[in-house]
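One structure is given below, encoded as structure tokens.
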């Protein structure tokens, strides 16, 4: 048997499993690194030659729980909870 089509039927071991950070099935079991996000390294994996991949994972593609309110708060000067005392 050669290395072509017939031998592909014998492959049944998983080399990648689910990643704890990005959730994709890209975490290499033996290398212990994610091919998608680069986990466990502190910085998320990103390359300039993968422009489409950057577009998919960049800021603004998720919920942005905190960041979506920052522009409005900036416009008002980051006011705190206490109201200003009115001079009468």
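Placement of Cβ uses the backbone N, Cα and C atoms for every residue, glycine included.
A quick note: this is a predicted structure, and the numbers were derived from the prediction, not measured.
Taken from Swiss-Prot, the feature zinc finger covers 19-37. Mean pLDDT across the zinc finger (19-37) comes to 98 in this model.
Annotated Zn(2+) binding site per Swiss-Prot: 19, 22, 34, 37, in sequence order. Sequence-distant neighbours of residue 37 (Zn(2+) binding site): residues of the same chain at least 6 apart with a C-beta under 8 Å from its C-beta are 19, 21, 22, 24, 26, 44, 45, 57.
Feature annotation from Swiss-Prot assigns region 'Disordered' to 37-57. Sorting each residue of the region 'Disordered' (37-57) by its DSSP state yields 7 helix, 0 strand, 14 coil.
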Fewest Cβ neighbours within 10 Å, where candidates are the binding-site residues 19, 22, 34:
22
